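Database features (Swiss-Prot):
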type     : residues                                                                             : note
ACT_SITE : GLU366                                                                               : active site, proton donor
BINDING  : HIS37, HIS258, ARG318, SER345, HIS416, ASP424, ARG474                                : substrate binding site
BINDING  : SER40, HIS77, GLY123, SER124, LEU125, GLY156, ASN185, LYS244, HIS258, PHE392, GLN428 : thiamine diphosphate binding site
BINDING  : ASP155, ASN185, LEU187                                                               : Mg(2+) binding site
CROSSLNK : LYS352                                                                               : SUMO2 cross-link
MOD_RES  : MET1                                                                                 : N-acetylmethionine
MOD_RES  : LYS11                                                                                : N6-acetyllysine
MOD_RES  : SER104                                                                               : phosphoserine
MOD_RES  : LYS144                                                                               : N6-acetyllysine
MOD_RES  : LYS204                                                                               : N6-acetyllysine
MOD_RES  : LYS232                                                                               : N6-acetyllysine
MOD_RES  : LYS241                                                                               : N6-acetyllysine
MOD_RES  : LYS260                                                                               : N6-acetyllysine
MOD_RES  : TYR275                                                                               : phosphotyrosine
MOD_RES  : THR287                                                                               : phosphothreonine
MOD_RES  : SER295                                                                               : phosphoserine
MOD_RES  : LYS538                                                                               : N6-acetyllysine
SITE     : HIS37                                                                                : site 'Important for catalytic activity'
SITE     : HIS258                                                                               : site 'Important for catalytic activity'
Amino acid sequence: MEGYHKPDQQKLQALKDTANRLRISSIQATTAAGSGHPTSCCSAAEIMAVLFFHTMRYKALDPRNPHNDRFVLSKGHAAPILYAVWAEAGFLPEAELLNLRKISSDLDGHPVPKQAFTDVATGSLGQGLGAACGMAYTGKYFDKASYRVYCMLGDGEVSEGSVWEAMAFAGIYKLDNLVAIFDINRLGQSDPAPLQHQVDIYQKRCEAFGWHTIIVDGHSVEELCKAFGQAKHQPTAIIAKTFKGRGITGIEDKEAWHGKPLPKNMAEQIIQEIYSQVQSKKKILATPPQEDAPSVDIANIRMPTPPSYKVGDKIATRKAYGLALAKLGHASDRIIALDGDTKNSTFSELFKKEHPDRFIECYIAEQNMVSIAVGCATRDRTVPFCSTFAAFFTRAFDQIRMAAISESNINLCGSHCGVSIGEDGPSQMALEDLAMFRSVPMSTVFYPSDGVATEKAVELAANTKGICFIRTSRPENAIIYSNNEDFQVGQAKVVLKSKDDQVTVIGAGVTLHEALAAAESLKKDKISIRVLDPFTIKPLDRKLILDSARATKGRILTVEDHYYEGGIGEAVSAAVVGEPGVTVTRLAVSQVPRSGKPAELLKMFGIDKDAIVQAVKGLVTKG
């Protein structure tokens, strides 16, 4: 960024006028909608005016241009002022602002990516800065471009721990292309924010995390211009002391006005008061960006070579994941890996070894890791793969939920699933993860059962839109597929079948191998079973499951290393509900487990070979 040049008085007045027009638009829109957050918008008016019409470089009619500076409104409830900015810039018709929150309009109550100027959905507070960190990391280390990233946070959301995870990340990686603006307007939703206007404490906290920190009067366009003009070799935090409801007589800095639109009569009077301060209707044109971001193509990324496993050899799917990701990294320099200090367990360390410049260590901060991945994936700049123990992704469920709302394309690999991890005990065992990821809109849930399937899952995930989850296991199990086996999303595999099959058994990961062992044991009793590998739990191959059930007298037995709720059994039951003559019997983990050897735990919770044998015999005996 060039050195600071003080704007002349004409430019400063134009910025003041712009801020007041943004105030007016925010009040008009929320009053027309009958809901919204005008006071939260008004505290940020000067910040937004200076950012978009003095500091940022972007093409106003092409908001997602890869060269543009980025902006994340972490305090998403102030969406009306963001919409007002894009109307002021000429991208939105001003009349559209009056359709705020209507079902016929794209201007939702909080920012969402159906708006071309919104990269990530916000509104669940505390997440915007993490996404901004991902954008800034991508700009600095992958794109090596001059675009900068700005994120505005409210003081209420600074109580969220995820904010400080992001602050730490930016400080560690010296993201000097990132600016966080803290709108310290003193008031939260139901009470004052904990620090109110103690801006010096905010400053000390930010500095402790490695940020260059500046305190400003958030309603002084001159102070804001100067603060944004300071370039340092570290991220910058601007602590802007503001007043909630600034410019609204009788409401400014008053409690009990959060999320309340002004009544029509009051709004008209306030708008007249604010408008009387506007000296010129002339609008400031956006400054175009420097066009130095590289052209990127992340479509159709394929493995450079087929799998190279041997049927019968043993490998844990968690290790197969690391090998597959490292291999895929050679197909595109836009494949990146993130981990939460578990890379020697998830085997993402294999990717780091071969592609060290594309590995991001996020440390033990899973919420932030997911937000970083979302930021890295914006504008199709990268294809991120995040990994940690599957159990620890539960901590980041809100970030994953918001990633889906953001229409983000990120891939999450959770290792150490189920009781089969053994001695580490229940705190490390993922037993809720299938339920969690199945509930995410438009998600794809992979559950590979050998090394070949894992490699195919990684390749498919890289080319599948939405949130992809790959569930991997700790135990080593045999390779059961040939290297040329074709895998597709939503296509299950019949691993074992005969014309005399009496029960269809569906397992995945460890339990698929237990099912195959059970099939061998049942042969002694002249009982044949059909064994299915679903490969993806979502979407599920309903047709193959039903065809198999009909061929085995309508009997389905599911067995899974997961709790009963939300797992494979419930997915299969939902898929076949209403089908005459088809019944589903389920085996799953029924209570909080304990430490023990994997085989002991599989037996204790009734999901091992012997439990499958007994369940099959029971179904056959019933007739």
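Backbone N, Cα and C atoms are what each Cβ position is placed from, and that goes for glycine too.
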Distance between LYS204 (N6-acetyllysine) and GLU366 (active site, proton donor) at the Cα atoms, whole Å? 25
If you compare CA-to-CA distances from LEU187 (Mg(2+) binding site) to each of the recorded positions HIS37, SER40, LYS260, GLN428, which comes out shortest? SER40
Which ones are near HIS258 (substrate binding site): of the recorded positions SER40, GLY123, SER295, GLU366, which have a Cα within 10 Å? SER40
Around the Cβ of LYS204 (N6-acetyllysine), other Cβ atoms found within 10 Å total 11
Within 10 Å of GLN428 (thiamine diphosphate binding site), Cα to Cα, which of the recorded positions SER104, SER295, HIS416, LYS538 are there? HIS416
Measure the Cβ-based neighbour count of ARG318 (substrate binding site), defined as the other Cβ atoms within 10 Å of its Cβ. 28
Candidate recorded positions LYS144, LYS260, SER345, pick with smallest Cα gap to ASN185 (thiamine diphosphate binding site): LYS260
Mind giving me a neighbour count for the residue listed as 'SUMO2 cross-link'? Other Cβ atoms within 10 Å of its Cβ, every protein chain shown. 22
In three-state terms from DSSP, label HIS416 (substrate binding site) for me. coil
Please identify, from the recorded positions LYS241, LYS260, HIS416, ARG474, LYS538, the residue with the sparsest Cβ neighbourhood, meaning fewest other Cβ atoms within 10 angstroms. LYS260
Is it possible to get the count of other C-beta atoms within 10 angstroms of the C-beta of GLN428 (thiamine diphosphate binding site)? 17
Listed recorded positions (SER40, SER104, THR287, SER295, SER345), ranked by Cβ neighbours within 10 Å, top entry: SER40
Find the longest CA to CA distance in the recorded thiamine diphosphate-binding set SER40, HIS77, GLY123, SER124, LEU125, GLY156, ASN185, LYS244, HIS258, PHE392, GLN428; express it in Å as a whole number. 44
Do you see any of the recorded positions GLY123, ASP155, GLU366, HIS416, ASP424 whose C-alpha is within 10 Å of LYS260 (N6-acetyllysine), and which ones? none
Using a 10 Å radius around each Cβ and all protein chains in view, which of these recorded positions has the most neighbours: LYS11, HIS37, LYS232, HIS258? HIS37
Give the residue from the binding-site residues LEU125, LEU187 that has the most other Cβ atoms within 10 Å of its Cβ, counting over every protein chain displayed. LEU187
